[in-house]
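Here is what Swiss-Prot records for this protein:
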BINDING   HIS161, CYS196, CYS200, MET207  Cu cation A1 binding site
BINDING   CYS196, GLU198, CYS200, HIS204  Cu cation A2 binding site
BINDING   GLU198  Mg(2+) binding site
TOPO_DOM  1-26  topological domain 'Mitochondrial intermembrane'
TOPO_DOM  83-229  topological domain 'Mitochondrial intermembrane'
TRANSMEM  27-48  transmembrane segment
TRANSMEM  63-82  transmembrane segment
Amino acid sequence: MATWAQLNFQDAASPMMEQLHYFHDHTMMVLVIITIMVAYIMGTMFFNKDVNRYLLDGQKIETEWTIVPVFVLVIIAMPSLRLLYLLDEVNEPSITLKTIGHQWYWSYEYSDFKHIEFDSYMIPYNEMEESGLRLLEVDNRTTLPMQTQVRILITAADVLHSWTVPSLGIKVDATPGRLNQTSFFINRPGIFFGQCSEICGANHSFMPIMIESVNIKSFINWIQNMSEA
């Protein structure tokens with residue numbers, strides 16, 4: 001997760017977030033080149049003492065500064081469109097997780113298993129362990145297997161919410177009366193944090209998301225323990 005004074009993205013934990021990192025770097029490279037070029041042109045014009053009193057138009061340069069921006073936009077738009085389609089793709093999921101947003105907590109249902117559902121509340125600061133993370137710890141973690149394609153169905157019971165986990169490259173609106181879906185693939189074990197990213201009332205800041213990624217064997221044991229509880 002992000003640390004103090006970190007200026008970059010969180011470490012990617014899914015292939016899609018890695019692709020978003022690459023796209024960000026690609027776009028920033030284009031923007032830096034344009035910024036340097038424009039600064040150089042403005043600097044040379046500012047310190048240039050030459051005057052042309054007879055310049056009325058310049059069809060050649062007007063054509064150039066129309067074609068070049070179009071070319072730059074294509075360079076940025078093509079990988080962006082590719083990512084948009086990839087983010088919307090749901091590829092044969094092995095597990096389905098249903099998430100319901102409430103004021104102000106999350107409910108989870110594992111649709112592929114019987115009677116596995118729970119609520120996830122933020123742990124207050126005065127009840128948290130010393131090693132805990134303020135405003136991010138929850139009483140029930142959402143456990144998911146790594147190296148597995150997961151589909152998540154997202155809705156809300158009252159107002160608009162948004163289920164967001166930056167390390168996985170996920171941000172999906174939770175809308176009352178509507179079921180949104182997306183998929184993701186966690187490529188390493190760990191604990192990944194997120195929060196509601198849609199202002200949903202007084203306690204909007206106290207709706208953390210805590211994903212624990214484990215191997216398949218540990219996930220099956222967790223499922224068995226939850227089924228017996």
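Cβ atoms here come from the backbone N, Cα and C positions, even for glycine.
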Number of other Cβ atoms within 10 Å of the Cβ of MET207 (Cu cation A1 binding site) across all protein chains: 27
Packing count at GLU198 (Cu cation A2 binding site) (other Cβ atoms within 10 Å of its Cβ): 18
Number of helical, extended and coil residues in the topological domain 'Mitochondrial intermembrane' (1-26), per DSSP: 12 helix, 0 strand, 14 coil
Other parts of the chain folded back onto the topological domain 'Mitochondrial intermembrane' (1-26), taken as Cβ under 8 Å at six or more residues beyond its ends: 76, 79-80, 83, 86-87, 133, 136, 166-169, 184-188, 190, 192-193, 213
Cu cation A1 site shell beyond HIS161, CYS196, CYS200, MET207, criterion: Cβ within 8 Å of Cβ centroid: GLY101, GLN103, TRP104, TRP106, SER162, ALA174, GLN195, SER197, GLU198, GLY201, HIS204
HIS204 (Cu cation A2 binding site): secondary structure state under DSSP, collapsed to three categories: helix
Residue among binding-site residues CYS196, CYS200 with least C-beta crowding, 10 angstrom cut-off: CYS200
For the topological domain 'Mitochondrial intermembrane' (83-229), residues assigned helix / strand / coil by DSSP: 27 helix, 63 strand, 57 coil
